[in-house]
Amino acid sequence: MDYMRIFSVFVVTLWIIRVDARVFGGRGIEKFVTFGQNYIVTWGQSHVSTLHSGEEVDLYMDQSSGGGFESKDAYGSGLFEMRIKVPSGNTGGIVTAFYLTSKGGGHDEIDFEFLGNNNGKPVTLQTNLFLNGEGNREERFLLWFNPTKHYHTYGLLWNPYQIVFYVDNIPIRVYKNENGVSYPSKPMQVEASLWNGDDWATDGGRTKVNWSYSPFIAHFRDFALSGCNIDGRSNNVGACESSNYWWNAGNYQRLSGNEQKLYEHVRSKYMNYDYCTDRSKYQTPPRECY
């Protein structure tokens with residue numbers, strides 16, 4: 001059976017369904033903003049370059065520093081997307097991250113992390129969640145494309161019902177808000193960064209950054225979001241749970257049938273680590289794994 005052909009058909013079908021639903025079905029369309037409209041540089045000022053009137057941002061990593069930026073506003077729900085091209089070449093130990101995170105103790109966080117590699121080995125995409133300061137919910141994927149070659153769209157849907165990690169509009173991970181399961185409860189900002197993670201990121205920390213290949217450059221553009229801005233209100237994200245927000249409405253409370261097929265295919269073919277099945281970490285899997 002030609003799985004890639006089937007996969008391609010699913011991709012096209014899902015893309016058509018998502019466009020049709022958002023434009024003609026009233027589900028809403030993400031708002032595109034320039035970098036300066038919605039983001040500020042948070043660290044590594046000299047290692048951040050804004051291009052094309054704020055439509056693209058490059059982060060640079062060398063031995064002196066990496067760089068990062070965050071949204072000016074915090075949100076209590078929404079759909080957040082960026083198109084990203086991660087550093088190429090011998091990037092072992094280098095981490096490119098796009099994530100939502102709260103501030104202060106016991107933080108919540110929803111992560112995309114690209115783990116660099118050397119000698120032509122593929123970059124790993126790691127997803128993770130921190131809930132009230134507790135992480136260790138990693139799932140890792142070797143993608144069906146090379147994320148260093150072209151821009152691809154990475155999206156995070158967060159609403160009162162589920163968190164969905166999207167790659168090019170394909171759901172690769174779903175975390176459901178079910179009874180007894182920890183779930184984000186704090187306002188979160190959108191962040192991106194490029195940093196040295198060579199104590200863990202590649203080969204369990206055995207591969208260190210080879211600085212002779214620096215600078216490493218991560219590219220970001222098409223800053224799309226539709227979110228419930230919680231700034232100026234209570235820190236209670238309950239204010240952002242209304243179904244009047246299109247990303248909280250019925251069509252976003254669960255995967256569609258086509259999304260479910262894509263989700264199952266990606267996980268069976270491209271996921272190479274799941275914390276739920278790691279008995280060295282959890283003798284009894286966490287509640288959300290059932």
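Any Cβ shown, glycine's included, is placed from N, Cα and C.
The record in Swiss-Prot pairs CYS289 in a disulfide bond with CYS276, which is drawn from CYS240, CYS276. Annotated xyloglucan binding in Swiss-Prot involves GLN126, THR127, ASN128, ASN136, ARG137, GLU138, ASP199, TRP200, GLY204 plus, out of the candidates GLU113, GLU191, the residue GLU113. DSSP assigns ASN136 (xyloglucan binding site) to coil in the three-state reduction, outside any helix or strand. Following the DSSP three-state reduction, the secondary structure of THR127 (xyloglucan binding site) is strand. THR127 (xyloglucan binding site) and GLU113 (active site, proton donor) have their C-alpha atoms 6 Å apart, to the nearest angstrom. Cβ crowding, taken as the number of other Cβ atoms within 10 Å, peaks at THR127 among the binding-site residues THR127, ASN136. If you measure from the Cα atom of ASN210 (N-linked glycosylation site) to that of TRP200 (xyloglucan binding site), you get 15 Å.
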